[in-house]
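Enquirer: The structure that follows is given in the form of structure tokens.
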Amino acid sequence: MLGLRLIVGLGNPGSEYIKTRHNAGFRFVDGLVQREGQCWALESKLFAYVARVFIAGQWVWLLRPVTFMNLSGKSIFAGLNFWKIKPEQMLVAHDELDFPPGAVRLKFDGGHGGQNGLRDITKLLGHGRFHRLRVGIGHPGHKERVVSWVLGCPTCDENIAIDAALERASVVLPLAVAGDFDGAMKKLHTVV
């Protein structure tokens with residue numbers, strides 16, 4: 001299987017959204033940029049901030065859309081076309097209501113599961129054949145409270161759990177970049 005050439009973090013732009021649960025994907029790619037000592041650069045034709053990091057012996061593009069979550073596909077579609085990257089070589093990091101804070105899973109292919117960023121991406125691509133990093137943020141318990149939940153800030157304990165999950169994901173990232181997704185999934189999904 002082909003390795004990763006593009007890692008996308010989903011979230012909403014703007015200072016009022018920086019620390020929200022919905023921006024778990026942004027937190028992941030921001031952590032990669034910081035860890036590798038790189039900087040984001042605005043690329044207006046891609047509707048995103050972009051950076052490059054060196055992982056597992058190769059350069060990987062990072063993309064952080066400046067569009068709102070429900071329009072993320074526009075930026076991703078532009079990036080894939082500009083860099084001539086196949087969707088199967090892309091990892092999209094996003095918040096996941098169905099997992100508690102601290103849980104993180106890799107997945108390939110599938111539907112959007114109600115996640116508006118994934119909904120827009122699959123609509124524009126015409127399929128869901130790309131990798132996802134599903135970062136648990138928990139569920140408020142009632143469907144009516146989902147919007148305020150995802151746009152709310154995690155508690156201190158939730159933040160600690162989410163940060164630990166993102167760290168575990170970054171540890172297995174070299175395997176995924178090298179194309180060993182089974183190995184990355186096994187290592188990430190095995191709780192020690």
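Cβ atoms are placed via backbone N, Cα and C, with glycine included.
Annotations per Swiss-Prot:
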ACT_SITE  HIS22  active site, proton acceptor
BINDING   TYR17, PHE68, ASN70, ASN116  tRNA binding site
SITE      ASN12  site 'Discriminates between blocked and unblocked aminoacyl-tRNA'
SITE      ASP95  site 'Stabilizes the basic form of H active site to accept a proton'
Enquirer: Return the single residue from the binding-site residues list (ASN70, ASN116) that has the minimum number of other CB atoms within 10 Å.
Expert: ASN70
Enquirer: Measuring Cα to Cα, how far is ASP95 (site 'Stabilizes the basic form of H active site to accept a proton') from the residue listed as 'active site, proton acceptor' in Å?
Expert: 6
Enquirer: Given the recorded tRNA site (TYR17, PHE68, ASN70, ASN116), which additional residues of the same chain have their Cβ within 8 Å of the Cβ centre, ordered by sequence?
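Expert: For the tRNA site the neighbour list reads ASN12, HIS22, THR67, MET69, LEU71, SER72, GLY117.
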Enquirer: Round to the nearest Å and give the CA-to-CA distance linking PHE68 (tRNA binding site) with ASN12 (site 'Discriminates between blocked and unblocked aminoacyl-tRNA').
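Expert: Here the two Cα atoms are 5 Å apart.
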Enquirer: Fill in the CA-CA distance, ASN116 (tRNA binding site) to ASN12 (site 'Discriminates between blocked and unblocked aminoacyl-tRNA'), as an integer in Å.
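Expert: That comes out at 11 Å between the alpha carbons.
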Enquirer: Tell me, if you would, which residue among ASN12, HIS22, PHE68, ASP95 (recorded positions) has the fewest other CB atoms within 10 Å in the structure shown?
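Expert: With the recorded positions ASN12, HIS22, PHE68, ASP95, fewest surrounding Cβ atoms within 10 Å: PHE68.
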